[in-house]
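Trainee: Okay, handing you the structure first.
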C-alpha cells in the first residue's frame, strides 16, 4: 500500500489559476456558450479529468469562475454610515459586472443555476446582511430584491445600463421602502 | 422566372409550433444547455436551415421560445386599482416562471443575452409602463429594478423562492419607495 498522495496548496493553486486563465481567454475568444471542458483542459495544459472532477460540467465551472474575483474574504465597507457602506458595496458589484468578461461568465453560469443556491449568491447575501442586517435596516429579501437582484439582472440582460448612478438609486429606494 | 413562393400563415405557424414543441421536449429531457439546432430540427421534422435562418443559434432560439407564452397581445389587468393591477401582472410573470420548463428556457436563453435588449424584456417593460406609467406612479427603472428584475433573478437563481407572497411584497415596496 502506498502512502496517499500529498497535494501541496502551491501546486493545486497553480492548476486552478491556469484553468481560470484558460476559461477567461476562451470566453473572450468564443463566447461563454462555446467553452467546453476539453477545450479548457487543453488550453490550461491539464488533464480534462481533473476539470470534470472539480466542476462536473462546463456551466458549473463557468458559474464558479465567474465569481471568484469577488473574494468573500475581502474587506467590506464598514464606516458606520449605512447608506454610504451599502452604496460602496453595490459599486463593487456593479464594477465587477461592468467588465465584459465577468458579465459573460455570469451569463454562461446562469445556465447551470436553479437547483441549489450558488456560493456566489450566498456570499453576496451574507455580505449585504453583514453591512445592513445588524442595524435591523434590511433583511435578506430586501438585499436580494432591492440590490443584488436588479444589479445581476441588468448585468445579464441590460449590461449597458450598469451606470454610476445605479448603486445610489437602488440604495435610496431600498432604504426608503 | 417563377412566381415567389407564397407562405401561408397556416404552414409557417405549424412549423413554428412543432419547433416550439420539440424545444420544450428536449429541454425537459436533456437540460437547456444540451439543446442544439440540429437536434431540434430532427425532432421537429424540419430542415435545420430553416431553424438557423430564423434564430441564428441555439441560445437565441431558447431565448425567444422561453417567452412566447407571455403573449404581448394578451389583455393586461386594468381595473383602475393600480396596486391590484400591478400585483395581478406580477403574479402572471411569477406563475410563468414557476413552471420549470419556462425557468429552464430562461436560463438557457440568458446565455445569449447582453448585446441588445431582448424582445421579452422590452415587452415586459412596456406592459409595466402601460399599467403604471400613465398614472406617473412608476417609471421604466422602477419597473425593471423593483418588479421584473427581482422576479427574473429569482427565477434564474432561486426558483424555489417564487412564492405567492412575492408579487405583493415587490409591489408594496416599489409603490412605497
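Glycine is no exception: its Cβ is also placed from the backbone N, Cα and C atoms.
Bear in mind that the values here come from a model prediction, so they are computed numbers and not experimental data.
Pulled these from TrEMBL:
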DOMAIN    A:13-73  domain 'HTH tetR-type'
DNA_BIND  A:36-55  DNA-binding region
Trainee: Determine the mean pLDDT over the domain 'HTH tetR-type' (A:13-73), rounding to the nearest whole number.
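Mentor: Per the prediction, mean pLDDT sits at 86 for the domain 'HTH tetR-type' (A:13-73).
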Trainee: I'd like the per-state residue tally for the DNA-binding region (A:36-55) from DSSP, helix first, then strand, then coil.
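Mentor: Its residues fall into 16 helix, 0 strand, 4 coil.
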